[in-house]
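> Sharing the record's features from TrEMBL:
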type    : residues                                               : note
BINDING : A:K11, A:G12, A:G13, A:V14, A:G15, A:K16, A:T17, A:T18 : ATP binding site
DOMAIN  : A:5-157                                                : domain 'AAA'
Amino acid sequence: MGISIVITSGKGGVGKTTTTANIGTALAMQNKKVVVVDADTGLRNLDLHLGLENRIVYNLVDVVEGTCRLKQALIKDKRFDNLFLLPTAQTKDKTAVTPEQMLELIENLKKDFDFIIIDCPAGIEHGFENAVAGADKAIVVTTPEVSAVRDADRIIGKLEAKGLEDHQLIINRIKYDMTKKGEMLNIDDMTDILAIKLLGIVPDDEKIVISTNRGEPAVTYDSSKAGQAYRNIAKRILGEEVPFINLDDEEQGFFASLKKIFFKK
Amino acid sequence: MDLFKIFSKEPPSKDLAKERLKLILIHDRANVSPQFLEMVKGDIIKIISDYAEIDEKGLEIKLTRSGKQGEDVPALVANIPIKKMKEIGR
C-alpha cells in the first residue's frame with residue numbers, strides 16, 4: 001500500500017504545483033513508483049510543469065465518470081518510467097467530482113504506487129475538500145509573506161478539523177539577502193507562528209522559471225538550488241535525515257561572487 | 001525622508017510582519033465575530049451597571065493577546081470607563 005500526500009496552501013501562487021511536480025519527480029529519482037494527481041479541475045497545470053500537456057487523452061473526471069479505466073488516464077513521464085501523471089479535466093469544474101469519489105480513486109492508486117502526490121487547488125472550498133479526501137498526509141506550502149502565512153494557518157486548522165494531523169511545512173521562495181537584512185520573515189518566525197513541523201526550505205531561484213518554461217522539474221537540474229532543496233525534501237519524506245540549508249552560509253551579491261572567484265570551495 | 005529613515009532606526013519590516021500576523025491569527029483562530037463581541041459588551045454593561053455608573057460609549061472590548069513573550073494566549077480585554085461608583089459597591 002502506498003502513501004498519499006496532498007500538497008496544499010490556501011493561497012494561490014505560492015508554488016503548490018511546482019512543489020508537486022518536483023517532489024513527485026524527486027521521489028521517482030529515488031526509484032519509487034510515483035503518481036502525481038492534478039486535483040485542480042478546471043485550472044489544470046501540473047501537465048505543463050511536467051511537459052506532458054500534449055499527451056493527455058483521458059483525465060480524472062473520465063475515470064470517475066466511468067468513461068475510461070484508471071490505467072488509460074495515467075500518463076507515463078518522459079524522463080522516468082516509474083513516474084506517472086493523472087491529469088484532470090480542463091473543461092469541467094470542481095463539482096464534477098465528489099470527495100467520496102476522490103477517496104475511492106486514491107485508494108485504488110495506493111494499490112499500484114508507492115507515493116500518490118496530490119496537487120490541491122487554491123482556496124478552501126469544494127476543490128480543497130476533494131484534494132484532501134484521500135490523503136494520508138499533507139504538505140503545506142507557504143512563502144515568507146503575511147498573506148501566505150495567514151492562509152497557511154487557516155489551512156492547518158482545516159486539516160486538523162478533518163483529522164489530518166500528519167502535516168508538515170515547506171517554506172518556498174526564501175530570499176537569503178532579504179532575511180539577513182530583516183526585511184523578510186525568516187524560518188524561525190514562520191515556524192514559531194505556525195507551530196508546525198518543518199519539512200523543507202526552498203530558496204527563491206530563477207531556475208524554477210526556466211525549468212517551468214521547458215516543462216522539466218528543477219530537481220532534474222544539478223545546478224538549481226531549489227531543485228537541490230526539493231531533492232532533500234524527497235529524501236526526508238523517505239525517512240532520511242538531511243540537514244536544512246544553513247542560511248548564514250548562503251552569501252549572495254557582489255562580494256560573495258568575488259569571494260567565490262578567489263576562494264574556490 | 002530617506003535620510004531621516006536611516007537615523008530614526010526603524011525596526012526591520014519582518015518584525016512588523018510578525019507582530020501583525022500574530023495578532024490577526026488570534027482573531028482567525030478564535031473565529032470571533034463582531035456580533036459576539038457586541039453580545040459580550042452588552043452583558044458586561046448589564047452586570048457592571050449594578051455596581052457603577054459607566055460610560056457606555058467609551059466602553060471598549062477587544063480580542064488581543066497577553067502573557068509573557070513566547071507564551072502568548074488570547075485575551076479578551078475590556079476598558080470600562082466609570083463615571084461614578086454606586087452605593088452598593090462600597
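Using the three backbone atoms N, Cα and C, a Cβ is placed for every residue, glycine included.
No curator has checked TrEMBL annotations; they are predicted automatically.
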> Looking only at Cβ atoms, how many others are within 10 Å of the one on A:K11 (ATP binding site)?
20
> Identify, among the binding-site residues A:G12, A:G15, the residue whose Cβ has the fewest other Cβ atoms within 10 Å in this structure.
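With the binding-site residues A:G12, A:G15, fewest surrounding Cβ atoms within 10 Å: A:G12.
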> Only counting partners 6 or more residues apart, tell me which same-chain residues put their Cβ under 8 Å from the Cβ of A:K16 (ATP binding site).
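When sequence neighbours closer than 6 are ignored, A:K16 (ATP binding site) has A:I7, A:T8, A:S9, A:D119, A:C120, A:A122, A:V141 within Cβ distance under 8 Å.
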> Tell me, roughly as an integer, the mean pLDDT over the domain 'AAA' (A:5-157).
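Mean per-residue confidence for the domain 'AAA' (A:5-157): 97 out of 100.
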> Within the chain of A:T18 (ATP binding site), which residues six or more apart in sequence place their C-beta under 8 angstroms from its C-beta?
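Listed in sequence order, they are A:H49, A:N172, A:I208, A:T212, A:P217, A:A218.
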> Identify, among the binding-site residues A:G13, A:V14, A:T17, the residue whose Cβ has the fewest other Cβ atoms within 10 Å in this structure.
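Selected from the binding-site residues A:G13, A:V14, A:T17 on minimum Cβ neighbours within 10 Å: A:G13.
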> May I have the list of same-chain residues other than A:K11, A:G12, A:G13, A:V14, A:G15, A:K16, A:T17, A:T18 whose Cβ is within 8 Å of the Cβ centroid of the recorded ATP site, in sequence order?
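Other same-chain residues with Cβ inside the cutoff are A:S9, A:T19, A:A122, A:V141, A:N172.
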